[in-house]
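Q: Below is one structure. I have some questions about it.
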Ligand SMILES: Nc1ncnc2c1ncn2[C@@H]1O[C@H](COP(=O)(O)OP(=O)(O)OC[C@H]2O[C@@H]([n+]3cccc(C(=O)O)c3)[C@H](O)[C@@H]2O)[C@@H](O)[C@H]1O
Ligand SMILES: Nc1ncnc2c1ncn2[C@@H]1O[C@H](COP(=O)(O)OP(=O)(O)OP(=O)(O)O)[C@@H](O)[C@H]1O
Ligand SMILES: [Mg+2]
């Protein structure tokens with residue numbers, strides 16, 4: 001179990017990721033809805049833009065966005081939520097994405113297939129002479145291209161609609177650096193900041209999301225050679241372990257060490273570009 005040295009380190013990480021020591025789902029929902037509405041109005045913009053995958057993070061953030069634009073409209077500001085479906089071709093769990101949209105009830109749904117642009121980017125790189133160590137390495141890089149194509153699509157919509165791009169980064173993903181730099185890691189506002197995965201689920205449940213979405217096993221679903229690969233499999237850590245660590249509950253020493261090593265190695269993803 002954790003010793004005193006790693007307790008200090010854990011506190012520092014939890015503080016840097018803004019994980020509060022106490023938690024109340026209803027309070028956090030209200031605070032984050034007000035945050036989104038205020039940021040939109042203060043920026044003088046009129047849309048929130050977010051990709052809806054069918055996972056619990058975008059289900060939760062999407063509902064917060066819809067509540068925020070309704071709040072802004074009640075206060076007399078023009079505000080619209082644009083939910084984006086961004087499949088790579090046909091998405092295996094499309095029914096979950098549709099269930100998420102039915103729950104969120106967004107003002108507008110805009111669908112962009114990121115497959116043609118992602119595949120064209122890869123083809124151009126190969127034609128330009130880029131080589132990969134093996135098929136798995138190529139597939140991994142293509143996965144990050146998919147995440148960045150989603151970013152391009154969302155920023156195009158934000159640019160055309162006076163919008164802000166919403167990100168779904170939260171404490172458990174930020175701690176492990178488990179996101180694509182300038183892909184899903186790129187956003188203007190990040191309403192789930194500081195939440196552990198179980199707290200994201202608690203928000204989803206309190207918001208009334210369907211149980212199968214609240215409890216859905218997280219997947220980045222970026223690798224064509226390993227469709228629907230679970231985050232926990234890729235990370236070698238469970239979200240229960242990551243959440244326990246961040247919330248100050250006891251975890252085995254080797255879990256703390258692995259997490260802290262990931263945290264250090266991915267520091268560059270949580271910072272602005274390095275300058276001299
Ligand atoms: N020390 C350093 N200082 C400054 N920059 C550094 C660096 N080390 C790498 N870099 C840069 O960072 C790049 C690597 O970062 P990146 O391109 O993100 O790539 P990388 O971290 O290798 O891969 C992204 C990981 O996040 C996962 N992911 C992505 C998207 C969504 C989700 C999800 O949960 O939904 C998960 C994905 O499955 C994969 O495991 C390097 O190519 C380099 O450009
Ligand atoms: N197929 C997709 N369609 C639309 N948006 C997507 C898609 N895949 C990923 N995204 C966007 O990228 C974000 C990061 O993906 P991530 O997998 O971390 O979140 P999630 O799918 O919402 O939840 P979970 O982590 O539990 O799977 C999503 O929240 C969503 O905004
Ligand atoms: Mg997902």
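Each position is counted from 1, following the chain as shown.
Cβ atoms are placed via backbone N, Cα and C, with glycine included.
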Q: For the ATP site that TrEMBL describes with 51, 52, 53, 54, 55, 56, 57, 58, 168, 197, which of these is also annotated: 22, 27, 80, 219?
A: 219
Q: Closest to residue 268 (deamido-NAD(+) binding site): which of the binding-site residues 53, 168, 173, 219, going by Cα position?
A: 173
Q: Can you list which of the binding-site residues 148, 188, 268 have their Cβ under 6 Å from some atom of ligand 2?
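A: Correct list: empty, so none.
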Q: Should we count any of the binding-site residues 148, 168, 181 as near ligand 3, judged by a CB under 6 A from one of its atoms, and which?
A: none
Q: Give the three-state DSSP assignment (helix, strand or coil) for residue 53 (ATP binding site).
A: coil
Q: Out of 57, 173, 188, which has the highest number of nearby Cβ atoms, where nearby means within 10 Å of its Cβ, if these are the binding-site residues?
A: 173
Q: So of all those binding-site residues, 148, 173, 181, 269, which one's Cα sits nearest to residue 219 (ATP binding site)?
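A: Out of the listed candidates, the nearest Cα belongs to 173.
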